[in-house]
């Protein structure tokens, strides 16, 4: 329909509003992005070499709608992944997992799997530095929890309970978010485990 005198086309306004979808699969992406930016900062300054581990996937079916555009339509995890990140800092092997929750009082232990706990125990046995970064998004607080504290709590009831934030505060270290790096977890490693400053 043309609107005289301006010859504008009137657009229909839909009375149905779009519902906001919550994508639970990507809840931790902003925290993960902050860790990735931190690792990029450490790498660019030659402080540490730490990378996110790729998840091993077996591709089963691929569609080729066009020769230049392959689309994966079916894939499966080939094996259970261990932890999210690994690398080297001052000659020390570093291995850690990152978890995020919206809860204010506890970190759900269902976020941790037995194969991850076993992997962390193996890293500790080889004298590696192993820990978890726990982010409470509602509180805007992040903690560095040594793997041994996580393993000890997990062994109490095979990971069926939630880990209270009081336990995390007592056994871990609060990570102060910054601009560069955003999640300065190497400060905690240096000050509490290696006895110095990473700069």
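A Cβ is built for glycine as well, from the same backbone N, Cα and C atoms used for every other residue.
Worth saying up front: this structure is predicted, and the values here are computed from it rather than measured.
Taken from Swiss-Prot, the feature Mg(2+) binding site applies to 82, 84, 97, 116. Applying an 8 A CB threshold to same-chain residues 6+ apart, the list for residue 116 (Mg(2+) binding site) reads 82, 83, 97. Residue 116 (Mg(2+) binding site) carries a helical DSSP state (H, G or I).
Using a 10 Å radius centred on the Cβ of residue 99 (site 'Transition state stabilizer') and all shown protein chains, the other Cβ atoms total 20. Residue 99 (site 'Transition state stabilizer') falls within a strand segment according to DSSP. Annotation comment: Swiss-Prot describes 99 as site 'Transition state stabilizer', evidence class sequence analysis.
Between the alpha carbons (Cα) of residue 84 (Mg(2+) binding site) and residue 99 (site 'Transition state stabilizer') lies a span of roughly 9 Å. Comparing local CB density within 10 A for the binding-site residues 84, 97, the maximum falls on 97. Neighbouring residues of the recorded Mg(2+) site, listed in sequence order and excluding 82, 84, 97, 116, comprise 53, 81, 83, 85, 95, 96, 119, 120 (Cβ within 8 Å of the Cβ centroid).
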